[in-house]
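Over in TrEMBL, the protein carries these features:
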type	residues	note
DOMAIN	48-299	domain 'G-protein coupled receptors family 1 profile'
TRANSMEM	32-56	transmembrane segment
TRANSMEM	68-94	transmembrane segment
TRANSMEM	106-127	transmembrane segment
TRANSMEM	147-170	transmembrane segment
TRANSMEM	190-207	transmembrane segment
TRANSMEM	213-233	transmembrane segment
TRANSMEM	245-265	transmembrane segment
TRANSMEM	277-299	transmembrane segment
Amino acid sequence: MKINMMTTLNLTTFNPNSFILVGIPGLEQFHIWIGIPFCTIYFVALAGNGILLYLIAMDRSLHEPMYFFLSMLASTDLILCNTCVPKMLGIFWLKARKITFSGCLTQLFFLHFSFFLDSAILLGMAFDRYLAICSPLRYSSVLTPRTMVKISLGIVGRSFSIIFPVVFLVRRLPFCRTRIIPHTYCEHIAVARLSCASISINIWYGFTMPLMAIMSDLILIGISYTLILRAVFHLPSRDARQKALSTCGSHVSVILIFYTSALFSALTHRFGHSISLAFHIMFANLYVAIPPALNPIIYGVKTKQIRDKVVLLLFPKGNSDLGMRA
């Protein structure tokens, strides 16, 4: 009987039924109001990325490598915001703070998986711009449909291989302390810190592997844009230089938004002990909501082909009238 009780205790210790997500500690009385802007941003992200995917899928003139990468970015942004924001709003408005252990692991996986997908896709887009500007004659022969499929499989495979071990690193931990997570979603280190065992492996893997992957992506993106800028400033025509720079403007804006917010959130979570927990959690929430909402807007405003298609989609009657008058 004693052995059975110990076995049951060990099983419940290693496999908790659920966790409790607090939300934003210290700001619980403002959760209802905080949820309103996040809900608005969420619907903007859904609408913007949905329209982008629809246009790229339906318009044959957008079936090019650049827009293929853009569709991957939009899909990843939808994964990111749908992984975290609905649960966040449930905590803010419905006090639905409980999340199952398997649900927490699933959320943790897709949160970090989408982060590495975004980084690898941005690297692919930098390579696309490098070929388009520095080697335009080789562009169509290098980025063939078959090559694009291989690149996309490589992007997904790399992201999966980096993050999948994290699930096992968390699953092996014994959870015999509090199961209250001071956050709005399940993040790797935030969950691991609830364990009553050593989490040194989690800390080192959770820091070194992302750092190596992200730094390698940033270095390669930096090299790509150094070569791009060198090629642009050697163009004979001022108009050609402006056109080349404008095609890269949206991509650079997205890169800055993504890496600045992601790296700040990751570094403050591990080293920013002097930063208030409420500020960190709020910023982490903005990271999963703002980039997915801004990315389609940036590409819609700065990319003429997409801007024209969006206007035609939203105002078909006005465009036909203008065409008849012309």
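Cβ atoms are placed via backbone N, Cα and C, with glycine included.
Bear in mind that TrEMBL entries carry predicted annotations, made automatically and left uncurated.
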The transmembrane segment (277-299) and the transmembrane segment (68-94) contact flag, 3+ Cβ pairs under 8 angstroms: yes
Stretch with greatest number of CB pairs under 8 Å, the transmembrane segment (32-56) reference, 68-94, 106-127, 147-170, 213-233, 245-265 candidates: 68-94
Best-contacting stretch, by C-beta pairs under 8 Å, relative to the transmembrane segment (147-170) and drawn from 68-94, 106-127, 190-207, 213-233: 106-127
